[in-house]
Amino acid sequence: MLSLRQSIRFFKPATRTLCSSRYLLQQKPVVKTAQNLAEVNGPETLIGPGAKEGTVPTDLDQETGLARLELLGKLEGIDVFDTKPLDSSRKGTMKDPIIIESYDDYRYVGCTGSPAGSHTIMWLKPTVNEVARCWECGSVYKLNPVGVPNDDHHH
């Protein structure tokens, strides 16, 4: 039995040293770093190129991810996270709600009443299917989806 163990231990499966599929799998795809919002095409394009040797990096050189997306937007004068305050000049009603735009199927909204600051912030969550009504002042918020429709395609 000892000789059988030793022969199994020395058995090595044959490997192909030159294989085109192995070469293709080891190749890294070339990804261009986005220099403006129009060039953003997924998270891999939101990685900064880094500073050239011997120079001090700028924010544009080293920002990555959402911080880079926000910086590219600010350079073009676009608020990518839509942080402007909601319309508080009126109360939303069921017939005429305050419209909230969102790229997702829900959004968190902080209601402070009408006029603004009438009550403490009440956090609401309007969805695509339901409006949200403030418990304090009764103002109604409705979601307007502006994003790409979900095709429910799973990999």
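In case you wondered, yes, glycine gets a Cβ from its N, Cα and C as well.
Residues or ranges marked as transit peptide by Swiss-Prot on the basis of experimental evidence: 1-25.
In the three-state DSSP classification, Thr55 (phosphothreonine) falls within coil. In sequence order, no residues are near Thr55 (phosphothreonine), counting only same-chain partners six or more apart with C-beta under 8 A. What Swiss-Prot lists as phosphothreonine is Thr55, and the listing cites a large-scale study or a structure entry.
Annotated Zn(2+) binding site per Swiss-Prot: Cys111, His119, Cys134, Cys137, in sequence order, evidence recorded as experimental evidence. Taking all protein chains in view, 13 other C-beta atoms sit within 10 angstroms of the C-beta of His119 (Zn(2+) binding site). DSSP gives His119 (Zn(2+) binding site) a coil state; it is part of no helix or strand.
Most Cβ neighbours within 10 Å, among the binding-site residues Cys111, Cys134, Cys137: Cys111 holds that distinction in the structure as shown. The Zn(2+) site is set by Cys111, His119, Cys134, Cys137; from the centre of their CB atoms, other residues of the chain with a CB within 8 Å are Thr112, Gly113, Ser114, Ser118, Met122, Trp135, Glu136, Gly138, Ser139.
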